[in-house]
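Input: a single structure, listed below in structure tokens.
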Amino acid sequence: FTDMNSPRSSFELQGTVNFSKKPEGFLHRSISQQTSACHPTSLDGTAGTSRRRREQALIVISCLTLTFTGCGINFAFGVYQELYETLGGPFQNATPGEIDLIGTLSASVMTIGAPVVNALVKRYETRSITLLGGILFAVASIAASLGTRLWHFHLAQGLLQGCAACLTYIPAVTVSPGFFNERRGLAMGFITSGTGLGGMAWAPFLRYLITAIGFRNTLRVTGILAAVMISISASVLREVEEPSMGQPRDQKAQGTGYVYKTKFPVANWKLVRSNAFIAQASGTALQAAAYMTPVYFMSSYATTLGYTNTAGANIIALSNASNCGGKIIVGYLADRFGRLNALVLSTFSSAVATFGLWYISDSQLDISALRALLLAYACIYSITAGSFVSLFPTALAEQFGIRNFASVSGLLYMIRGVGTLIGTPIGGVLVRHSEGLRETASSFDRTFLFVAILLSGATISTAWARSIKGQAE
């Protein structure tokens, strides 16, 4: 029988397949299947069974919840950023860049660890790895709530929480594409919309809890709540079936780029040295270096325009709401007009929007106009830059093929994490500040220019990747 990504065709199969030999690192499998003619095995086909549709729906809901929780809390870090800058104690005399490093570590480690997590998923069950992430999330948040030095927060709320997010986010975005074919862009749009939906929900919730019970208790409550949500979602996750189920997994699967007899997969270096990989790697590194900076500093920038702390949190929520809706809409359009085409257009649009905000940040416009333009930017940037996150895995599948997806996705997500780790702190350092506090909107002009330049470079790289694909066709 065929794998779930094989072309639709009429066939008839009746039989039983047994794996008596247990390849190293994998469980015995016994599979009995009887199918009738004219029923394709593709999970994405309109003639698919209701069971397969339910399976797809469960995968989408489960993975959406994982991104909603692990990534959503990261996207709401701007609330903590703004709060920590006004607190004494562990944050006394800390610069914005030093505080921003907490969120940067969490966001970057979330993808830097992708190759290791992909290897663990190959070696163990996906649900077990994801469940471990939920437990680690609670441990990280509780540990951060006990911090008395800035570096305690760097380690707990930054590094450790980033590891927890990696164990939940990477399985969600690397396992799920294999369950879909024609509607892969839409499915990934829904799944990755959890990052924006989570940020939209968590930002005002965090602000409310901080006001009601203090930030330390807020860390404890959200950590335990996140662990419960992740654990429930992990219970329905499973791996996609291997393309050739009659082939022992200790042999090298043709075209996958992995040797299954090893505990940790080995990348296909022929693909890694290709121009297509270099183009995608440079594009995602530059985009990641720019991506989180506006998200983290949006609330702080809003306060320079006279917004209250609560209003700043609401602007973050608005940004994440736009992020959520944009990923779904752009994902749907990408399935119709091409995922690589959509990737180039969304990256270009985010660069143009950021150049616009940089230009007006040092202008003499009145405060009401600046406020309106900030709200417009929050929506436009979140829709365009946020779409990169949902389009990236689908673009990789289109560029390299679904069989090679696992061979390149881990390395590229790691490169993306490195970009975040380098670019976001630089953006924080470029903010002009006095005694740790910003005074005017123009304090952010260098940061916005830096982000816009990075996004322009990402646009060139993604356009190069698209041209390579066009030449191959």
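Cβ coordinates come from backbone N, Cα and C, glycine included.
Your range for transmembrane segment, going by TrEMBL and the list 187-206, 267-286, is 187-206.
Touching of the transmembrane segment (447-465) and the transmembrane segment (159-180) is ruled out by the presence of fewer than three CB pairs under 8 A, sequence neighbours closer than 6 excluded.
Ranked by the number of CB pairs under 8 Å to the transmembrane segment (159-180), the listed stretches 128-147, 340-360, 405-427 are led by 128-147. By the Cβ criterion (under 8 Å, sequence separation of 6 or more), the transmembrane segment (405-427) is in contact with the transmembrane segment (101-121), since 3+ such pairs are found. Across 128-147, 187-206, 218-237, 340-360, stretch 187-206 shows the highest tally of CB pairs under 8 A with the transmembrane segment (57-81).
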